[in-house]
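Here is what TrEMBL says about this protein:
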type	residues	note
TRANSMEM	27-44	transmembrane segment
BINDING	Gly33, Ala35, Val36, Asn40	Na(+) binding site
TRANSMEM	56-74	transmembrane segment
TRANSMEM	94-123	transmembrane segment
DISULFID	Cys138-Cys148	disulfide bond
TRANSMEM	215-238	transmembrane segment
TRANSMEM	244-261	transmembrane segment
Amino acid sequence: MEAVTKGHAGESDENVERGNWSSKTDYILSVIGLAVGLGNIWRFPYLAYKNGGGAFLIPYTFMLALAGMPMFFMETSFGQFASLGPVAAWKAMPILQGVGITMVLLIAIVNISYCCIIAYSLYYMFASFQTPLPWADCFSWWGADDTCSRTPKDPCNLALDHGYFEIVNTTWLHVNNETCPNGSEIYVPHQGPSEQYWDKVVLRRTSSIDETGEIVWYLALCLLLAWLMTGAALSKGIKSSGKVVYFTATFPYVVLTILLIRGLTLEGAIKELNSTLEADQTSPNWLMLRSGKMLQHKFSILLQWAGAL
């Protein structure tokens, strides 16, 4: 017992095997960090825009209050009461013990994919220390080809006043306040610098899925760093992770606040914000309540994924 106590648990902890939270703040920040993730940033705005804009918040809030928060409270309460992992906690009802095993498998797969995303983020963080940014333009030193352009290259076969046709580009159309008639566009392969940098430099994407390509060493190192950071945060269980969340749970809100302020100060920000909130509907789409789209309230607070448990 003494050897175990000197591990993750403290001398005053009730649970001598797993340890207890050092403070209520550690637990609250851990729950906040669990509930708010990448999905809230990239999936939620998309669903809101596609399903009524600001009106989407009405059925979303309804489902969050009716189903999401009660289930979240039940899951966290069960976890605090049992003080066990998902597999052991479900021994309370042996017929559902497979639920706990499924939770562990699911969160393991999700964590593997999230560590890959963190590896990409680490790479871009290191690459952003260059001036100018590599993906700001089509630079030849990283392999940009002729299809790379900051503006679309699609020319237009435009009919002139004297009956002749002339091939012009989109820049000419904008300068002369002209539009390309339907059917007159000429398709030209085009990639923006950020997209081509992602394909050619970051991923070194091959021509097909049949070609695995070589290991990208800098991405492999970033992935190793991501896993080392994860292992360090969990090295002493909730004693170490409870301290890490003071940064990981609060820093995203700081960044989002900075991005919000920056976005609102850009030209045309209010107009774009209004178009996003209004979208293409004037009322909430209540039929979403019968579809999988309203499962977003579960993804928002990570229900049934063993995290809260």
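A Cβ is built for glycine as well, from the same backbone N, Cα and C atoms used for every other residue.
A TrEMBL annotation is a machine prediction, not a hand-curated record.
This view paints the features noted in TrEMBL onto the structure.
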{"residue": "Gly33", "record": "Na(+) binding site", "Cβ contacts under 8 Å, 6 or more apart": "Val245, Thr248, Ala249"}
{"residue": "Val36", "record": "Na(+) binding site", "Cβ contacts under 8 Å, 6 or more apart": "Ala249, Pro252"}
{"residue": "Cys138", "record": "disulfide bond", "Cβ contacts under 8 Å, 6 or more apart": "Ala144, Cys148, Ser149, Arg150, Pro193, Gln196"}
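Put simply, of 56-74, 215-238, 244-261, the stretch with the most CB pairs closer than 8 A to the transmembrane segment (94-123) is 215-238.
Residues 26, 29-30, 32-33, 36, 41, 233 of the same chain lie 6 or more positions beyond the ends of the transmembrane segment (244-261) yet place their CB under 8 Å from a CB of it. Least crowded of the recorded positions (Ala35, Cys148), judged by neighbouring Cβ atoms within 10 Å of its own Cβ: Ala35.
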